[in-house]
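*Asks:* When I checked TrEMBL for this same protein, it listed these features:
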DOMAIN    4-220  domain 'Orotidine 5'-phosphate decarboxylase'
BINDING   Asp10, Lys32, 59-68, Thr115, Arg175, Gln184, 204-205  substrate binding site
ACT_SITE  Asp59  active site, for OMPdecase activity
ACT_SITE  Lys61  active site, proton donor
ACT_SITE  Lys61  active site, for OMPdecase activity
ACT_SITE  Asp64  active site, for OMPdecase activity
Amino acid sequence: MTNPIYLALDVPRLEDGVALAKKVKGHVGGIKLGLEFFCAHGAHGVHLIAQVGLPIFLDLKFYDIPNTVAGAMQAIHVLEPSIVTVHASGGRAMLEDAKAAAAEHTKVVGVTMLTSMDQRDLERTGVEGSAHDHVMRLAELSKDAGLDGIVCSGQEIKSVHDQWKDGFFVVPGLRPAGSAVGDQKRVVTPRQARDHGASVLVIGRPISRADDPAQAARAIEATL
Ligand SMILES: O=c1ccn([C@@H]2O[C@H](COP(=O)(O)O)[C@@H](O)[C@H]2O)c(=O)[nH]1
């Protein structure tokens, strides 16, 4: 079995990011670089992390008009990401154009509802109905638009997987039993997410803030 864990490398200093990626190499399946990393270190930083030799997941959560998103997607071909995120709520045309503009080997996944949000947060954005139904709607839209899969929490993954058998599902908001939840609200354990159909398990602080990140990654993998 390939290691499904992608380490979220949310660290401000590039040297620390490279050191951390080297430490966990061999204990995770890939590295996820998000907004914090990309805004601070750009394409140069991505190239440096890629040199460590793990697949790169660019979690840039594109959300704009179709033409702009397609241009951004083309601009990152050179970074050769294995996975890229777009916001599923950007609409069908945006999702279709994002997928059409992506490199052939890059999986494009739609972010449905951030794992840091709960039902009340969703209501405050003006969306009626349950978080579950909202995620299911955006999963269907992503599938119809030709995306490879979605990002959702472990609380919805089973229903999504039941409806989209060959989809590619990225699950963040994961916490090993007993670890600090922080700003995440819809949380499950890595094992629960895996059992319910997650393809990729995104894990950040429980590994990056551990005294021994490689050991923390190994311990999580052992639970899967
Ligand atoms: O809904 C989402 C989408 C993306 N993320 C990202 O995943 C990691 C999670 O980090 P932890 O430290 O394990 O909480 C982080 O980079 C987020 O930007 C998410 O959490 N939820």
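Backbone N, Cα and C define each Cβ position, glycine as well.
Map the listed features onto the structure and describe their local environment.
*Replies:* Here the domain 'Orotidine 5'-phosphate decarboxylase' (4-220) has a mean pLDDT of 97 out of 100.
Its Cβ taken as reference, Asp59 (active site, for OMPdecase activity) is surrounded by 25 other Cβ atoms within 10 Å in the chains shown.
Listed in sequence order, the residues of the same chain lying 6 or more apart from Lys61 (active site, proton donor) and placing their CB within less than 8 Å of its CB are Gly34, Leu35, Thr85, Val86, His87, Val111.
In the three-state DSSP reading, Lys61 (active site, proton donor) counts as strand.
Long-range neighbours of Asp64 (active site, for OMPdecase activity) (same chain, six or more residues apart, CB within less than 8 Å of its CB): Ala72, Gly90, Met94.
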*Asks:* Within its own chain, what residues at least 6 apart in sequence put their Cβ under 8 Å from the Cβ of Gly204 (substrate binding site), listed in sequence order?
*Replies:* Leu7, Ala8, Leu9, Asp10, Lys32, Pro172
*Asks:* Cα of Asp59 (active site, for OMPdecase activity) to Cα of Thr115 (substrate binding site): how many Å, rounded?
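*Replies:* Their Cα atoms are separated by 14 Å.
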*Asks:* I'd like to verify something. Among the binding-site residues Tyr63, Thr115, Gly204, which ones have a C-beta closer than 6 angstroms to some atom of ligand 1?
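*Replies:* Only Thr115, Gly204 meet the Cβ criterion.
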